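K.L.:
OK, TrEMBL features for this one:
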- 33-53: transmembrane segment (TRANSMEM)
- 59-81: transmembrane segment (TRANSMEM)
- 167-184: transmembrane segment (TRANSMEM)
- 204-227: transmembrane segment (TRANSMEM)
- 239-260: transmembrane segment (TRANSMEM)
- 280-301: transmembrane segment (TRANSMEM)
- 322-338: transmembrane segment (TRANSMEM)
- 350-370: transmembrane segment (TRANSMEM)
- 390-411: transmembrane segment (TRANSMEM)
- 423-440: transmembrane segment (TRANSMEM)
Amino acid sequence: MAKIEGAGPETVERPVPPELQTMSADRIFWSHFSPNLAPAAWVIGVLVVSLGLGGWSAFVVLLIGNVLGALPVAACAVMGPDTGLPQMEASRFSFGSRGKRLPALINWVNCIGWDAVNNVPSAIALILLVQTWGMTLPFWLAMAILALAQLLASAAGHDTVQTIEKYLGWILLAAFAFSGWMAVTHRPDGTPMVAARPAPDGAHILLALGAVSSFTLAWTAYASDYTRYVSRRTGRGKVFALTFGGIFSSAMLMELFGLLTGAMIASPSPESVILALQSWMGPLAPVALAAIALSSIAINAANDNTAAYALISAGSRLPRPLSAVLTAGLAYVLAVMGEGRFTTLYENALLMALYWIAPWCGIVLTDWYARPPSLKARRMVTPQGWSPSAILFVAVTVATIILFSSTPLYISPVARLLQGADIGYFVGFAMAATGQYLLLRQQARKYRLTGIKVTQA
(Lines of atoms letter the chains of each structure in order from A and count residues from 1; the text may use other names and numbers.)
(Lines give C-alpha, C1' and ligand atoms only; values in the text may rest on other atoms or scores of the structure.)
Protein backbone atom coordinates (compact mmCIF):
# COMPACT_ATOMS: atom_id res chain seq x y z
CA MET A 1 0.00 0.00 0.00
CA ALA A 2 1.50 3.33 -1.06
CA LYS A 3 1.95 5.96 1.61
CA ILE A 4 0.54 9.48 1.31
CA GLU A 5 3.30 12.08 1.44
CA GLY A 6 2.99 15.09 3.75
CA ALA A 7 1.18 18.13 2.36
CA GLY A 8 2.94 21.03 4.06
CA PRO A 9 5.90 23.02 2.70
CA GLU A 10 8.06 21.45 5.41
CA THR A 11 7.88 18.19 3.44
CA VAL A 12 10.06 19.91 0.86
CA GLU A 13 12.11 22.27 2.99
CA ARG A 14 13.19 19.84 5.71
CA PRO A 15 15.35 16.76 5.15
CA VAL A 16 13.64 13.38 5.27
CA PRO A 17 14.34 11.98 8.77
CA PRO A 18 16.32 8.71 8.83
CA GLU A 19 13.34 6.74 10.15
CA LEU A 20 11.39 7.59 6.96
CA GLN A 21 14.23 6.73 4.56
CA THR A 22 12.90 3.24 3.98
CA MET A 23 12.33 3.14 0.22
CA SER A 24 13.61 0.08 -1.62
CA ALA A 25 16.64 0.87 -3.78
CA ASP A 26 15.10 -0.78 -6.85
CA ARG A 27 12.61 2.10 -7.02
CA ILE A 28 15.53 4.32 -8.04
CA PHE A 29 15.94 2.35 -11.26
CA TRP A 30 12.24 2.34 -12.16
CA SER A 31 11.80 6.04 -11.33
CA HIS A 32 14.39 6.88 -13.99
CA PHE A 33 13.54 4.07 -16.43
CA SER A 34 9.77 4.20 -16.89
CA PRO A 35 9.32 7.92 -17.72
CA ASN A 36 11.50 7.60 -20.83
CA LEU A 37 9.35 4.82 -22.30
CA ALA A 38 7.42 7.37 -24.33
CA PRO A 39 7.02 8.53 -27.94
CA ALA A 40 9.14 11.62 -27.25
CA ALA A 41 12.25 9.42 -26.96
CA TRP A 42 11.31 7.58 -30.19
CA VAL A 43 11.07 10.99 -31.87
CA ILE A 44 14.66 11.81 -30.85
CA GLY A 45 15.84 8.80 -32.86
CA VAL A 46 13.78 9.90 -35.86
CA LEU A 47 15.18 13.42 -35.49
CA VAL A 48 18.74 12.09 -35.68
CA VAL A 49 17.87 10.40 -38.99
CA SER A 50 16.20 13.58 -40.30
CA LEU A 51 19.44 15.48 -39.60
CA GLY A 52 21.27 13.24 -42.07
CA LEU A 53 22.82 10.69 -39.74
CA GLY A 54 22.49 6.97 -40.25
CA GLY A 55 24.12 3.64 -39.47
CA TRP A 56 27.03 3.61 -37.05
CA SER A 57 27.45 7.39 -36.99
CA ALA A 58 23.88 7.78 -35.72
CA PHE A 59 24.37 4.97 -33.18
CA VAL A 60 27.53 6.61 -31.83
CA VAL A 61 25.71 9.94 -31.48
CA LEU A 62 22.93 8.22 -29.51
CA LEU A 63 25.49 6.46 -27.33
CA ILE A 64 27.62 9.52 -26.57
CA GLY A 65 24.62 11.83 -26.16
CA ASN A 66 22.90 9.54 -23.69
CA VAL A 67 26.08 9.00 -21.68
CA LEU A 68 26.67 12.77 -21.51
CA GLY A 69 23.07 13.36 -20.45
CA ALA A 70 22.74 10.48 -17.97
CA LEU A 71 26.00 10.99 -16.05
CA PRO A 72 24.94 14.33 -14.47
CA VAL A 73 21.52 12.89 -13.59
CA ALA A 74 23.14 10.01 -11.72
CA ALA A 75 25.59 12.35 -10.01
CA CYS A 76 22.70 14.54 -8.80
CA ALA A 77 20.70 11.52 -7.65
CA VAL A 78 23.51 10.57 -5.25
CA MET A 79 22.74 13.75 -3.30
CA GLY A 80 19.26 12.50 -2.34
CA PRO A 81 20.01 10.10 0.54
CA ASP A 82 22.63 12.45 2.04
CA THR A 83 20.60 15.66 1.93
CA GLY A 84 17.12 14.16 2.29
CA LEU A 85 15.89 17.01 0.07
CA PRO A 86 14.34 17.36 -3.40
CA GLN A 87 16.78 18.49 -6.07
CA MET A 88 15.70 22.12 -6.33
CA GLU A 89 15.65 22.51 -2.56
CA ALA A 90 19.09 20.91 -2.26
CA SER A 91 20.48 23.58 -4.58
CA ARG A 92 20.05 26.08 -1.73
CA PHE A 93 23.46 24.91 -0.49
CA SER A 94 24.96 26.42 -3.65
CA PHE A 95 22.57 29.28 -4.46
CA GLY A 96 21.53 30.51 -1.02
CA SER A 97 18.20 30.73 0.78
CA ARG A 98 16.82 33.21 -1.76
CA GLY A 99 19.02 32.41 -4.73
CA LYS A 100 17.52 28.91 -5.02
CA ARG A 101 14.14 30.44 -5.83
CA LEU A 102 15.01 31.50 -9.38
CA PRO A 103 16.07 28.08 -10.73
CA ALA A 104 13.22 26.48 -8.78
CA LEU A 105 10.71 28.84 -10.40
CA ILE A 106 12.20 28.22 -13.85
CA ASN A 107 11.98 24.49 -13.23
CA TRP A 108 8.32 24.77 -12.24
CA VAL A 109 7.55 26.63 -15.48
CA ASN A 110 9.59 24.03 -17.34
CA CYS A 111 7.54 21.25 -15.74
CA ILE A 112 4.31 22.87 -16.94
CA GLY A 113 5.67 22.90 -20.49
CA TRP A 114 6.80 19.28 -20.33
CA ASP A 115 3.47 18.23 -18.84
CA ALA A 116 1.63 19.71 -21.82
CA VAL A 117 4.14 18.35 -24.32
CA ASN A 118 3.99 14.83 -22.89
CA ASN A 119 0.19 14.68 -22.81
CA VAL A 120 -0.47 15.69 -26.41
CA PRO A 121 0.75 12.47 -28.11
CA SER A 122 -0.84 10.35 -25.39
CA ALA A 123 -4.17 12.10 -25.94
CA ILE A 124 -3.88 11.48 -29.70
CA ALA A 125 -3.16 7.79 -29.02
CA LEU A 126 -6.11 7.57 -26.64
CA ILE A 127 -8.42 9.11 -29.25
CA LEU A 128 -7.23 6.62 -31.89
CA LEU A 129 -7.57 3.74 -29.43
CA VAL A 130 -11.16 4.67 -28.65
CA GLN A 131 -11.87 4.90 -32.38
CA THR A 132 -10.87 1.23 -32.77
CA TRP A 133 -13.79 0.47 -30.46
CA GLY A 134 -16.18 2.42 -32.69
CA MET A 135 -16.40 5.49 -30.45
CA THR A 136 -15.17 9.08 -30.62
CA LEU A 137 -13.40 11.14 -27.99
CA PRO A 138 -12.75 14.89 -28.28
CA PHE A 139 -9.19 16.09 -27.72
CA TRP A 140 -10.05 18.17 -24.66
CA LEU A 141 -11.70 15.19 -22.95
CA ALA A 142 -8.81 12.84 -23.74
CA MET A 143 -6.46 15.41 -22.24
CA ALA A 144 -8.67 15.76 -19.17
CA ILE A 145 -8.72 11.99 -18.56
CA LEU A 146 -4.94 11.78 -18.69
CA ALA A 147 -4.39 14.91 -16.61
CA LEU A 148 -6.74 13.66 -13.89
CA ALA A 149 -4.98 10.29 -13.64
CA GLN A 150 -1.60 11.99 -13.38
CA LEU A 151 -2.87 14.52 -10.87
CA LEU A 152 -4.27 11.87 -8.52
CA ALA A 153 -0.89 10.13 -8.49
CA SER A 154 1.23 13.25 -8.01
CA ALA A 155 -1.03 14.70 -5.32
CA ALA A 156 -0.54 11.53 -3.25
CA GLY A 157 3.22 12.08 -3.37
CA HIS A 158 6.45 10.29 -4.12
CA ASP A 159 5.52 6.82 -2.83
CA THR A 160 2.48 6.54 -5.09
CA VAL A 161 4.43 7.97 -8.02
CA GLN A 162 7.31 5.55 -7.57
CA THR A 163 4.95 2.59 -7.15
CA ILE A 164 3.32 3.52 -10.46
CA GLU A 165 6.73 3.82 -12.12
CA LYS A 166 7.70 0.30 -11.04
CA TYR A 167 4.59 -1.60 -12.07
CA LEU A 168 3.58 0.49 -15.06
CA GLY A 169 7.19 0.32 -16.22
CA TRP A 170 6.95 -3.43 -16.78
CA ILE A 171 3.80 -2.98 -18.86
CA LEU A 172 5.29 -0.17 -20.94
CA LEU A 173 8.53 -2.08 -21.49
CA ALA A 174 6.69 -5.14 -22.79
CA ALA A 175 4.32 -3.10 -24.98
CA PHE A 176 6.99 -0.84 -26.51
CA ALA A 177 9.44 -3.71 -27.00
CA PHE A 178 6.75 -5.60 -28.91
CA SER A 179 5.73 -2.50 -30.88
CA GLY A 180 9.34 -1.70 -31.71
CA TRP A 181 10.01 -5.26 -32.87
CA MET A 182 6.90 -5.13 -35.06
CA ALA A 183 7.94 -1.78 -36.51
CA VAL A 184 11.49 -2.87 -37.31
CA THR A 185 10.67 -6.33 -38.69
CA HIS A 186 7.38 -5.62 -40.44
CA ARG A 187 8.28 -2.51 -42.41
CA PRO A 188 7.03 -2.42 -46.03
CA ASP A 189 9.01 -4.58 -48.48
CA GLY A 190 11.90 -2.73 -50.05
CA THR A 191 11.87 0.10 -47.50
CA PRO A 192 15.37 0.70 -46.13
CA MET A 193 15.74 0.57 -42.36
CA VAL A 194 17.84 3.73 -42.52
CA ALA A 195 17.81 5.77 -45.70
CA ALA A 196 21.08 6.21 -47.55
CA ARG A 197 22.39 9.71 -46.91
CA PRO A 198 25.58 11.66 -47.58
CA ALA A 199 28.04 11.97 -44.72
CA PRO A 200 26.62 14.44 -42.17
CA ASP A 201 28.47 17.68 -41.52
CA GLY A 202 29.73 18.82 -38.14
CA ALA A 203 26.81 21.18 -37.57
CA HIS A 204 24.25 18.41 -37.93
CA ILE A 205 26.25 16.11 -35.69
CA LEU A 206 26.31 18.80 -32.99
CA LEU A 207 22.58 19.39 -33.42
CA ALA A 208 21.86 15.69 -33.06
CA LEU A 209 24.19 15.32 -30.09
CA GLY A 210 22.52 18.27 -28.40
CA ALA A 211 19.02 16.90 -28.92
CA VAL A 212 19.98 13.48 -27.53
CA SER A 213 21.94 14.72 -24.51
CA SER A 214 19.42 17.41 -23.56
CA PHE A 215 16.59 14.88 -23.48
CA THR A 216 18.24 12.98 -20.62
CA LEU A 217 20.03 15.96 -19.06
CA ALA A 218 16.64 17.54 -18.32
CA TRP A 219 16.13 14.89 -15.60
CA THR A 220 18.93 16.36 -13.44
CA ALA A 221 16.39 18.78 -11.98
CA TYR A 222 14.32 15.79 -10.78
CA ALA A 223 17.09 13.42 -9.68
CA SER A 224 17.21 13.54 -5.87
CA ASP A 225 13.42 13.92 -5.68
CA TYR A 226 13.27 10.15 -6.16
CA THR A 227 16.31 9.08 -4.12
CA ARG A 228 15.87 11.11 -0.91
CA TYR A 229 13.69 8.46 0.70
CA VAL A 230 16.42 5.83 0.25
CA SER A 231 18.46 5.03 3.36
CA ARG A 232 21.69 6.95 3.88
CA ARG A 233 23.34 3.56 4.31
CA THR A 234 22.69 2.76 0.64
CA GLY A 235 26.00 2.87 -1.19
CA ARG A 236 26.52 5.97 -3.31
CA GLY A 237 27.82 3.79 -6.12
CA LYS A 238 24.60 1.81 -6.05
CA VAL A 239 22.44 4.94 -6.23
CA PHE A 240 24.57 6.23 -9.11
CA ALA A 241 24.46 2.93 -11.02
CA LEU A 242 20.70 2.42 -10.63
CA THR A 243 19.97 5.97 -11.77
CA PHE A 244 22.37 5.86 -14.71
CA GLY A 245 21.20 2.41 -15.75
CA GLY A 246 17.54 3.39 -15.64
CA ILE A 247 17.72 6.59 -17.62
CA PHE A 248 20.38 5.45 -20.10
CA SER A 249 18.83 2.09 -20.99
CA SER A 250 15.28 3.36 -21.51
CA ALA A 251 16.30 6.41 -23.55
CA MET A 252 18.70 4.34 -25.65
CA LEU A 253 16.08 1.65 -26.32
CA MET A 254 13.38 4.04 -27.49
CA GLU A 255 15.77 6.19 -29.52
CA LEU A 256 17.14 3.11 -31.26
CA PHE A 257 13.62 2.23 -32.36
CA GLY A 258 13.34 5.76 -33.72
CA LEU A 259 16.68 5.42 -35.48
CA LEU A 260 15.78 2.07 -37.08
CA THR A 261 12.41 3.32 -38.33
CA GLY A 262 13.35 6.92 -39.08
CA ALA A 263 13.57 6.43 -42.85
CA MET A 264 9.93 5.29 -42.92
CA ILE A 265 8.44 8.08 -40.79
CA ALA A 266 7.26 11.28 -42.44
CA SER A 267 8.65 13.73 -39.86
CA PRO A 268 10.26 13.77 -36.41
CA SER A 269 7.00 14.25 -34.51
CA PRO A 270 4.99 12.01 -32.17
CA GLU A 271 1.97 12.24 -34.46
CA SER A 272 3.99 10.74 -37.32
CA VAL A 273 5.36 8.00 -35.06
CA ILE A 274 1.88 7.13 -33.79
CA LEU A 275 0.34 6.97 -37.27
CA ALA A 276 3.25 4.89 -38.57
CA LEU A 277 2.94 2.39 -35.71
CA GLN A 278 -0.80 2.16 -36.22
CA SER A 279 -0.26 1.37 -39.89
CA TRP A 280 2.54 -1.16 -39.40
CA MET A 281 0.90 -3.11 -36.58
CA GLY A 282 -2.48 -3.57 -38.24
CA PRO A 283 -4.92 -5.41 -35.93
CA LEU A 284 -2.35 -5.27 -33.11
CA ALA A 285 -2.18 -1.46 -33.24
CA PRO A 286 -4.18 -1.09 -29.98
CA VAL A 287 -1.14 -2.48 -28.12
CA ALA A 288 1.01 0.45 -29.25
CA LEU A 289 -1.80 2.99 -28.82
CA ALA A 290 -2.49 1.83 -25.27
CA ALA A 291 1.22 1.98 -24.40
CA ILE A 292 1.52 5.52 -25.74
CA ALA A 293 -1.61 6.61 -23.87
CA LEU A 294 -0.32 5.12 -20.60
CA SER A 295 3.20 6.49 -21.06
CA SER A 296 2.19 10.03 -20.13
CA ILE A 297 0.93 8.78 -16.76
CA ALA A 298 4.38 7.42 -15.96
CA ILE A 299 6.20 10.56 -17.00
CA ASN A 300 3.75 13.24 -15.84
CA ALA A 301 3.03 11.71 -12.44
CA ALA A 302 6.73 12.25 -11.71
CA ASN A 303 6.74 15.58 -13.53
CA ASP A 304 3.80 17.04 -11.58
CA ASN A 305 5.19 15.79 -8.28
CA THR A 306 8.54 17.43 -8.98
CA ALA A 307 6.75 20.60 -10.07
CA ALA A 308 4.99 20.75 -6.70
CA TYR A 309 8.34 20.46 -4.92
CA ALA A 310 9.85 23.15 -7.17
CA LEU A 311 7.02 25.63 -6.61
CA ILE A 312 7.47 25.38 -2.85
CA SER A 313 11.24 25.83 -3.23
CA ALA A 314 10.49 28.91 -5.33
CA GLY A 315 8.83 30.48 -2.27
CA SER A 316 5.19 29.40 -2.56
CA ARG A 317 3.43 28.41 0.65
CA LEU A 318 0.76 26.40 -1.16
CA PRO A 319 0.36 22.87 0.19
CA ARG A 320 2.15 20.31 -1.96
CA PRO A 321 -1.06 18.68 -3.36
CA LEU A 322 -2.46 22.09 -4.37
CA SER A 323 0.84 22.89 -6.08
CA ALA A 324 0.40 19.71 -8.12
CA VAL A 325 -3.17 20.72 -8.97
CA LEU A 326 -2.02 24.15 -10.14
CA THR A 327 0.70 22.63 -12.32
CA ALA A 328 -1.58 20.06 -13.93
CA GLY A 329 -4.31 22.66 -14.50
CA LEU A 330 -2.01 25.14 -16.23
CA ALA A 331 -0.47 22.39 -18.35
CA TYR A 332 -3.92 21.21 -19.40
CA VAL A 333 -4.90 24.70 -20.55
CA LEU A 334 -1.59 25.10 -22.41
CA ALA A 335 -1.99 21.77 -24.20
CA VAL A 336 -5.61 22.35 -25.23
CA MET A 337 -4.81 25.86 -26.46
CA GLY A 338 -1.79 24.51 -28.36
CA GLU A 339 -3.65 21.70 -30.11
CA GLY A 340 -2.10 21.05 -33.51
CA ARG A 341 1.15 22.85 -32.65
CA PHE A 342 2.97 20.03 -30.86
CA THR A 343 6.26 20.40 -32.73
CA THR A 344 6.63 24.02 -31.64
CA LEU A 345 5.73 23.18 -28.04
CA TYR A 346 8.22 20.34 -28.03
CA GLU A 347 11.00 22.43 -29.51
CA ASN A 348 10.47 25.26 -27.05
CA ALA A 349 10.42 22.89 -24.07
CA LEU A 350 13.69 21.32 -25.15
CA LEU A 351 15.33 24.69 -25.66
CA MET A 352 14.23 25.87 -22.23
CA ALA A 353 15.75 22.76 -20.70
CA LEU A 354 19.01 23.33 -22.55
CA TYR A 355 19.77 26.87 -21.55
CA TRP A 356 19.18 26.89 -17.81
CA ILE A 357 19.74 23.30 -16.72
CA ALA A 358 23.32 23.03 -17.97
CA PRO A 359 24.68 26.02 -15.96
CA TRP A 360 22.59 25.09 -12.92
CA CYS A 361 23.87 21.53 -13.08
CA GLY A 362 27.49 22.62 -13.52
CA ILE A 363 27.29 24.75 -10.37
CA VAL A 364 25.47 22.20 -8.20
CA LEU A 365 27.71 19.28 -9.11
CA THR A 366 30.94 21.26 -8.73
CA ASP A 367 29.79 22.60 -5.37
CA TRP A 368 28.95 19.10 -4.16
CA TYR A 369 31.88 17.10 -5.54
CA ALA A 370 34.79 19.53 -5.98
CA ARG A 371 34.91 21.42 -2.68
CA PRO A 372 38.38 22.00 -1.24
CA PRO A 373 38.99 20.02 2.00
CA SER A 374 38.59 23.11 4.18
CA LEU A 375 35.04 23.64 2.87
CA LYS A 376 33.72 20.08 2.86
CA ALA A 377 32.22 20.42 6.34
CA ARG A 378 30.03 23.25 5.04
CA ARG A 379 28.69 21.32 2.06
CA MET A 380 25.18 21.28 3.55
CA VAL A 381 25.16 24.79 4.98
CA THR A 382 22.72 27.24 3.35
CA PRO A 383 24.14 30.73 2.66
CA GLN A 384 21.75 33.57 3.40
CA GLY A 385 20.15 35.51 0.56
CA TRP A 386 21.72 35.27 -2.90
CA SER A 387 25.08 33.56 -2.99
CA PRO A 388 27.76 34.40 -5.58
CA SER A 389 26.85 31.09 -7.23
CA ALA A 390 23.31 32.34 -7.88
CA ILE A 391 24.70 35.42 -9.61
CA LEU A 392 27.06 33.19 -11.59
CA PHE A 393 24.08 31.08 -12.69
CA VAL A 394 22.23 34.10 -14.07
CA ALA A 395 25.31 35.50 -15.81
CA VAL A 396 26.28 32.22 -17.49
CA THR A 397 22.72 31.43 -18.57
CA VAL A 398 22.26 34.85 -20.18
CA ALA A 399 25.72 34.73 -21.79
CA THR A 400 25.16 31.31 -23.34
CA ILE A 401 21.82 32.37 -24.79
CA ILE A 402 23.23 35.58 -26.29
CA LEU A 403 26.50 34.14 -27.59
CA PHE A 404 25.84 30.47 -28.37
CA SER A 405 22.13 29.75 -28.78
CA SER A 406 20.39 28.72 -31.98
CA THR A 407 16.60 29.00 -31.96
CA PRO A 408 13.84 29.80 -34.46
CA LEU A 409 13.64 33.27 -32.91
CA TYR A 410 17.34 34.05 -32.47
CA ILE A 411 20.61 32.70 -33.85
CA SER A 412 23.70 33.76 -31.93
CA PRO A 413 26.97 34.90 -33.55
CA VAL A 414 28.75 31.66 -32.66
CA ALA A 415 25.86 29.53 -33.94
CA ARG A 416 26.02 31.38 -37.27
CA LEU A 417 29.70 30.51 -37.57
CA LEU A 418 28.82 26.86 -36.83
CA GLN A 419 26.05 26.76 -39.48
CA GLY A 420 23.29 26.85 -36.89
CA ALA A 421 24.74 24.30 -34.44
CA ASP A 422 23.89 25.03 -30.82
CA ILE A 423 26.70 24.39 -28.33
CA GLY A 424 25.27 26.61 -25.61
CA TYR A 425 24.54 23.68 -23.29
CA PHE A 426 28.12 22.37 -23.41
CA VAL A 427 29.62 25.82 -22.98
CA GLY A 428 27.11 26.72 -20.26
CA PHE A 429 27.97 23.66 -18.20
CA ALA A 430 31.72 24.19 -18.60
CA MET A 431 31.60 27.92 -17.82
CA ALA A 432 29.39 27.46 -14.77
CA ALA A 433 31.44 24.55 -13.41
CA THR A 434 34.69 26.47 -13.89
CA GLY A 435 33.26 29.61 -12.32
CA GLN A 436 31.95 27.67 -9.32
CA TYR A 437 35.30 25.97 -8.83
CA LEU A 438 37.05 29.36 -8.81
CA LEU A 439 34.52 30.67 -6.27
CA LEU A 440 35.20 27.68 -4.03
CA ARG A 441 38.96 28.20 -4.27
CA GLN A 442 38.48 31.85 -3.35
CA GLN A 443 36.39 30.89 -0.30
CA ALA A 444 39.02 28.35 0.76
CA ARG A 445 41.76 30.99 0.61
CA LYS A 446 39.61 33.33 2.68
CA TYR A 447 39.20 30.72 5.41
CA ARG A 448 42.93 30.02 5.44
CA LEU A 449 43.83 33.70 5.66
CA THR A 450 41.31 34.62 8.35
CA GLY A 451 41.76 31.43 10.36
CA ILE A 452 38.00 30.87 10.56
CA LYS A 453 37.19 27.42 11.88
CA VAL A 454 34.82 25.65 9.53
CA THR A 455 32.10 23.69 11.26
CA GLN A 456 28.87 22.04 10.16
CA ALA A 457 25.87 24.28 10.85
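Each residue, glycine too, has its Cβ placed from N, Cα and C.
Automatic, uncurated: that is what TrEMBL annotation is.
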K.L.:
Can you tell me which parts of the same chain pack against the transmembrane segment (280-301), counting only residues 6+ beyond its ends and a CB-CB cutoff under 8 A?
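P.N.:
Hits for the transmembrane segment (280-301): 34-39, 114-115, 118-119, 121-123, 125-126, 128-129, 132, 146-147, 149-150, 153-154, 160-161, 164-165, 168-169, 171-172, 175-176, 178-179, 182-183, 186-187, 270, 274, 328, 331.
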K.L.:
Apart from its near flanks, which chain residues at least 6 from the ends of the transmembrane segment (390-411) lie with a Cβ under 8 angstroms of it?
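P.N.:
Cβ under 8 Å, 6 or more out: 94-96, 98-100, 102-103, 347, 351, 355-356, 358-360, 362-363, 420-425, 427-428, 431-432, 435-436, 439.
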K.L.:
Under 8 angstroms for C-beta pairs, at least 3 of them, ignoring pairs fewer than 6 apart in sequence. Is the transmembrane segment (167-184) in contact with the transmembrane segment (33-53) by that rule?
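P.N.:
Result for the transmembrane segment (167-184) with the transmembrane segment (33-53) is yes.
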